[in-house]
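These features come from Swiss-Prot:
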| type | residues | note |
| --- | --- | --- |
| ACT_SITE | C401 | active site |
| BINDING | C222, H224, C249, C254 | Zn(2+) 2 binding site |
| BINDING | C293, C298, C313, C316 | Zn(2+) 3 binding site |
| BINDING | C321, C324, H329, C334 | Zn(2+) 4 binding site |
| BINDING | C414, C417, H429, C437 | Zn(2+) 6 binding site |
| COMPBIAS | 150-169 | compositional bias 'Basic and acidic residues' |
| DOMAIN | 10-129 | domain 'RWD' |
| REGION | 200-441 | region 'TRIAD supradomain' |
| ZN_FING | 204-254 | zinc finger |
| ZN_FING | 204-249 | zinc finger |
| ZN_FING | 273-334 | zinc finger |
| ZN_FING | 388-417 | zinc finger |
Amino acid sequence: MSADQEAKEDELLALASIYDEEEFHRAESGKEGEIHLCLELPPNFKLLVKGQKSAEHNISFLPPLVLSFDLPDDYPSTSAPIFTISSKWLTRVQITALCRKLDELWEENQGNVVLFTWIQFLKEETLDFLGIQSPLEIQRSGSQPQCEPAQKHAADASGEKSKVQDLDPRAVQEVDAQTDILTQLLDFDEAQKQRVFDGKAFCCGICYSEKLGCDCLLFKECEHVYCKACIKEYFQIQIKDGKVQCLNCPEPKCASTATPTQVKLLVGEDEFARYDRLLLQSSLDLMADVVYCPRMSCCMAVMVEPDSTMGICPSCRYAFCTLCRRSYHGLSHCIATADELRSLRDEYLSSSEEGKKFLEKRFGKRVIQRAVEESFSTDWLKTNCKQCPCCGTNIQKAHGCNKMTCSSCQKYFCWICLGALSRVNPYSHFNNPDSPCYNQLFHGMEMEEDEAFGSDEDD
């Protein structure tokens, strides 16, 4: 084995021992390979979209620089490695500058292996060498993610064009026309953060067991961590109870909520479908211009025009009043049932002046007055009267025994059980031992009458 071959083999073996398989890849030919270099960004590094100074994004990782190389037979004694540098977020001008810097490093170290020197420079000094600081400005439109101001110069006064900086053919810019560059950078940053998180150990805030991040869930807003087993059970209970707005961090007084993606990863398909449906419904409930079709077989969400009380269901085409949920009645006041009148009375009496005016406008002032009067009358009748079992007339018992005579149909009935009594012998109902009202003819009579009855007997 020649000295060059031995030096190359030793260098490649050293690189394979330093970097893992995801970072360093050696081709089967033995003299080619590539290495992926993720640069270490300073804390609080930001991305800034050109023309949108308010749209800054905090990131911790950028896609790697890729150094591809081919080692000639006479490397390192005579020839330099043949290489290319590719990047998704650097411009070709910037990559060209890196290529020329690697050429300079080869000139300084000619005759010696240089790959590790190149790698160290690219990994540790690229940002400083190119003058890249936070925020890093990127350009979303066009064929390239960033503008290249150094590539072009304005024409001088004589009309002659200034020299255009030559781009190195070894400088490769990876451009995916199908995906926005900002999306690519943010997705990569998120994936790398998740990878780092998965490899760390965390103490669950619920069961206090120590588990790897791959078995845990991180609430992104507050960064509290819980194991997936605990948080899954917590989510399932909340979804079962219909509390889809309460899938927040279990930490007391913490308002951070789980994302739908996190919920979907933990619960089953049926549970997530219920969660998704209830979440949509609760969101619609908060919208003032959304009501639901009153037909029980439909219940479709309906958009209501401003200053209108008519809703038309887009599914069943039912036209209804958005106030009383009955068929649309135009300018006529809403019609209320007896139970609704009672509720209307309570709402009206407890409302402010503005609330009372709204109810009067909705139902009509006469309807409101009738609701108040009739509901009070109904309450009094329910408290003090019973209905005749034969004709339904309300009967009040002021005094006397429990054998009652209806003032309307003249039928006899029992005040206790409301059973109809015999016209021939109505008192047999109270004298029969098998009757539920046996010996109850005078049950419930007022004490004054009892005492008076007793004193008459004594006389």
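Including glycine, each Cβ sits where the backbone N, Cα and C put it.
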Summary of DSSP states over the domain 'RWD' (10-129), given as helix, strand and coil counts: 41 helix, 34 strand, 45 coil
Whole-number Å value for how far C293 (Zn(2+) 3 binding site) lies from C254 (Zn(2+) 2 binding site) (Cα to Cα): 37
Chain residues outside the zinc finger (388-417) and at least six past its termini with a C-beta under 8 angstroms from it: 381, 423, 426-427, 429-430, 436-437, 440-446, 449
Sparsest-packed among the recorded positions, when each Cβ's other Cβ atoms within 10 Å are tallied, from C321, C401, C437: C401
Assigned conformation of C249 (Zn(2+) 2 binding site) - DSSP reduced to three states: coil
Neighbouring C-beta atoms (10 Å sphere around the C-beta of C293 (Zn(2+) 3 binding site)): 21
Residue with minimal Cβ packing [other Cβ atoms within 10 Å] among the binding-site residues C254, C414: C254
Three-class DSSP secondary structure - C316 (Zn(2+) 3 binding site): coil
Three-state secondary structure, C414 (Zn(2+) 6 binding site) (per DSSP): strand
Euclidean distance between Cα atoms of C222 (Zn(2+) 2 binding site) and C293 (Zn(2+) 3 binding site), Å: 39
Listed binding-site residues (H224, H329, H429), ranked by Cβ neighbours within 10 Å, top entry: H429
